[in-house]
Amino acid sequence: MATSLARISKRSITSAVSSNLIRRYFAAEAVAVATTETPKPKSQVTPSPDRVKWDYRGQRQIIPLGQWLPKVAVDAYVAPNVVLAGQVTVWDGSSVWNGAVLRGDLNKITVGFCSNVQERCVVHAAWSSPTGLPAQTLIDRYVTVGAYSLLRSCTIEPECIIGQHSILMEGSLVETRSILEAGSVLPPGRRIPSGELWGGNPARFIRTLTNEETLEIPKLAVAINHLSGDYFSEFLPYSTIYLEVEKFKKSLGIAI
C-alpha cells in the first residue's frame with residue numbers, strides 16, 4: 001500500500017513539474033514572438049534607375065479623323081493634355097495651353113502666327129453658318145484667347161484680345177485691333193468693328209480704344225509666346241521613347 005502511494009505521488013509530482021515546465025516554455029516563446037519585429041517582405045521588383053517614369057492617362061493629343069490630320073508647326077507649343085482633332089492647323093509661334101480642346105470634326109480650325117489659346121478653351125466649328133458667313137473658326141495672328149472661352153464658327157482678325165470665359169457664337173466677327181471683355185457673349189452674326197472695346201451679355205459697344213492700347217495688344221501675344229518657350233524646352237520633339245530603345249538594344253548586346 002505504501003509503495004503504491006509513493007508511486008502515485010511520484011507520478012503526480014512529475015506531471016505537475018512537467019506541466020509547469022511546458023507552461024514556462026510556451027510563455028517564453030510567446031514573449032519572444034511578441035517582442036520580435038515581423039520582417040517586412042522584400043520587394044520583388046526593383047525599378048531600374050534609368051527607367052523613364054511614365055504618366056500615362058490614356059489621352060491622345062493628336063486625333064486624325066478620316067483623311068484629316070491636325071497640323072502643328074515645329075515651333076508651336078501644344079500642352080501635353082490638349083486635344084487636337086480633325087481639321088486643325090496650329091501655325092508657327094502659336095501656343096495652345098493645358099486642357100484646351102480644338103475639335104475640327106465638322107469644319108476647319110486655324111490658330112494663326114504667334115496667337116495663343118489659353119487653358120480649358122473649347123474651339124469647334126459647325127457644318128455651315130446660318131448667317132451665310134464662313135463656318136470655319138479662324139484665329140488670326142497675334143490673337144490672345146483667354147482661358148475657359150468657347151469659340152464656334154467665328155472669325156477673329158489679327159491683333160485682338162478675347163477675355164476669359166467669353167463665348168463667340170456662329171458667324172460672329174471680331175475685327176482687327178479690338179478687345180472683348182471677360183465673360184462676354186458675342187451673339188451669332190455680331191460684328192465688333194476695328195479698334196473698339198466691347199463687353200457684356202450680349203456684347204455691346206463700350207468705347208473706342210486709344211492708340212496706346214491697340215499697340216499693347218500684339219505685345220501681349222508676344223509675351224505669352226516667350227513664356228511658352230520655357231515650357232516648350234521641357235519637351236523633346238519625339239518624346240523619350242529613344243531611352244527605352246537604347247536600353248532594349250543594350251540588353252540584347254546590340255551596339256548603340
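Every residue gets a Cβ built from N, Cα and C, even glycine.
Residues annotated as transit peptide in Swiss-Prot, with sequence analysis given as evidence: 1-33.
Here the Cβ of Arg152 (substrate binding site) has 22 other Cβ atoms within 10 Å, regardless of which shown protein chain they belong to. The feature substrate binding site is assigned by Swiss-Prot to Arg103, Gly104, Asp105, Gln118, Glu119, Arg152, Gln164, Tyr231.
In sequence order, Val101, Leu102, Arg103, Gly104, Asp105, Leu106, Ile109, Thr137, Leu151, Arg152 constitute the residues six or more apart from His124 (Zn(2+) binding site) in its chain with CB-CB distances below 8 Å. A strand conformation is recorded for His124 (Zn(2+) binding site) in the three-state DSSP classification. Feature annotation from Swiss-Prot assigns Zn(2+) binding site to His124.
Contacts of Glu119 (substrate binding site) defined by a Cβ separation under 8 A and a same-chain sequence distance of 6+ are given as Trp97, Asn98, Gly99, Ala100, Ala147, Tyr148, in order along the sequence. Following the DSSP three-state reduction, the secondary structure of Tyr231 (substrate binding site) is helix. Gln118 (substrate binding site) carries neither a helix nor a strand DSSP state and counts as coil. Listed in sequence order, the residues of the same chain lying 6 or more apart from Gln118 (substrate binding site) and placing their CB within less than 8 Å of its CB are Trp97, Ala100, Thr144, Val145, Gly146, Ala147, Ser149, Gln164.
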